């Protein structure tokens, strides 16, 4: 597999052996026959190129280079493979040497690419070709050369769009697995950083890299993640979301149990805490496991800014999340059940606003929240240019018109606006989705049983969260079970020099942060 | 007998939290009235005496539990008293907890229906509470510990804050002098009644084998007892200072009235009783679900079931019927008084007898213990 060649590391595991015919097919010692076999297996595809030429311009020794157009770097093919084989190889080299000596000659003195190796098995050759390497077949040899020649167009590194920060590095992960792992390596010059490769997907054979720091990460968790990834049985993996859904603990919970990030700094920070990063080829979203709820309102920026500011911001985020979770439900409960709880003046102004409204409070709330959800969903799919227009039309005009028409009360519009804005205070998109679902459940409970229903709903939510686990780590750590050391990095973030230990929840092997100096500082 | 590894499932802090949350429940809502019922101003002394009694009983239960570190009360009862008698006593304890839980849920539902949801039928309130309680009891003990830990401050801080706020309207003249020539008998009678609000600590008999560090169980047990005791004393003093003894005796929900009479204009909410009830739902819910967990766990151990989960669901309808059985609040309070007397006897006398038995049997008990393993 091409993995070995690039990392130069031992490939830990092959993908699940195919049971297909391809496995049994061997190579012949004639180029023509081999070509037919490969054509038979790979089909007549227009992007598969079979380049025929003669070694050392000698018609007696035909050779063939097979590669996929578009996945290979043509400069490498031209200058480092075909040209040396045609010109640098002398005719007497072929006539005087045995086939074994010819192979040595080609690998050692002729081909000038950085990596070349012999392979006997046809399926491996084809997988290599399909992942961008080229295959060289020569007459009289029942093996093929795999020559590294990957090169394709990829998006260049750009700023992550989903997790923007004011202060912090601007580079983000890209769709290329190698670029992504290099991002992490570059920030973490620790010899303990391990990059383990697996290919998942019976057909897509997507490369996945599992990164962790040996000696910091808990080996049980690493093993568990490895095992879960290896046992995935799926046709193709197009995004890290596939992996997430296959390896998470409770698939029916609204709460995300793995983090995903586009930011290398966040990934590295988490690796230093003893977590495991899962990089999937073809997507800029890197998974981080295990994840606890605590992390979903942490932003990488939290560690770059000063302590006091960060603590304030985290309080703001938690309040934002609470508002987006419970405010509509609270509004329903107060206006339909417990009007007496509000101060008289306040109650009067709300009642005044509601006087014209023909709908009961809960219908009003469901209507408005429903509209906002529709708008939100629409704005995701609309092209950027129209998106902002829809935002203005939907948000401003619809809201104003609804109030003017007497369909909803002004207070309700404020509630809905706050709810929507509040849900975006979480730096992670996935958790605000969980809260969206729960908001509606709480609204139903509040419209049936008032504040009692709301509290019951919140308690049920917290029981559910307390029972969740992410790879053996309780979801609500460091609150429950409480870990005083970890609470230093919760709502209040202590100064960095006070956070001497890695999170105890990970049960890391070396828990003191400064102990291995060469790791660099996490933050 | 269930052969699961018990140790290390509940941390010490969770252990404290479970004690606190189980004690803080429905009792404190009526505690001020019970405290002054016989003793008038000396009710404060009664409450302190009651809390000290509960501390002693708590410590005895922990001592007893430490003698059989990997067994719950239902398991060592059978070792100490023999299989049949042990099972009978276990069944009796479970019945007591069961009725206790049912009345906790009923009392609270009464309060909700009278205070915040006057038009809602009490059956619906009870059913929702039961479902919620069952949801937690259905989970494993780790989850129970975590939820208790999560809620311990959410319960304590609001009630403490609201009670301290109510002192604003209090008059110390109502409180002092504490002794106005009350006889010791009256003080003790009040103590007996106040003891109800400290019941619930006996849950340690089930939780103890699960704790991580056995050595710390006494320390954290005391911590778990201290917080509700302080809270209770403060609530009683506040209630006497605001209402005075004679008005207090006529109040159905003295603690609730105390909060109700408090206004705090800096908050958006003019009347805090709804907010109080909202947090008290949590206190009640934790009490009930801890007890239901204990019931299901004990039942599973008596019946040799492997999981407590099966019992939780099958007990729900029965619990519902029991919760609905008192016809009105007055009958309910009378029944609660009976339960509290049973609780007083069970938690005071039974542990002492068992401890003495365990001491007498000494190594003999341990031999049986090893045999059964």
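Note: Cβ is positioned from N, Cα and C throughout, glycine not excepted.
The feature transmembrane segment, as given by TrEMBL for the ranges B:12-31, B:172-191, sits at B:12-31. Nonlocal intrachain contacts for the transmembrane segment (B:310-326), taken as residues 6+ away from its ends with a CB within less than 8 angstroms of a stretch CB, comprise 98-99, 101-103, 105-106, 109, 122-123, 126-127, 130-131, 134, 137-138, 292-293, 295-296, 299-300, 303, 332, 335. Spatially, the transmembrane segment (B:43-64) is not adjacent to the transmembrane segment (B:120-138); fewer than three Cβ-Cβ distances between them are under 8 Å for residues at least 6 apart in sequence. Here the transmembrane segment (B:12-31) does not lie next to the transmembrane segment (B:338-358) in space: the count of CB pairs under 8 Å, restricted to residues six or more apart, is fewer than 3.
By the Cβ criterion (distance under 8 Å, sequence gap of 6 or more), the transmembrane segment (B:84-108) is not counted as touching the transmembrane segment (B:225-246), fewer than 3 such pairs being found. For the transmembrane segment (B:274-298), the residues of the chain that approach it from at least six positions outside its boundaries are 18, 21-26, 29, 72-74, 90, 93-94, 97-98, 100-101, 104-105, 108, 111-112, 115-116, 129, 132-134, 136-137, 141, 144, 147-148, 151, 154-155, 158-159, 162, 200, 203, 206, 256, 259, 308-309, 311-312, 315, 319, judged by C-beta separation under 8 angstroms. Counted over residue pairs separated by six or more positions, the transmembrane segment (B:194-213) shares fewer than 3 Cβ pairs under 8 angstroms with the transmembrane segment (B:120-138), which leaves the two as not touching.
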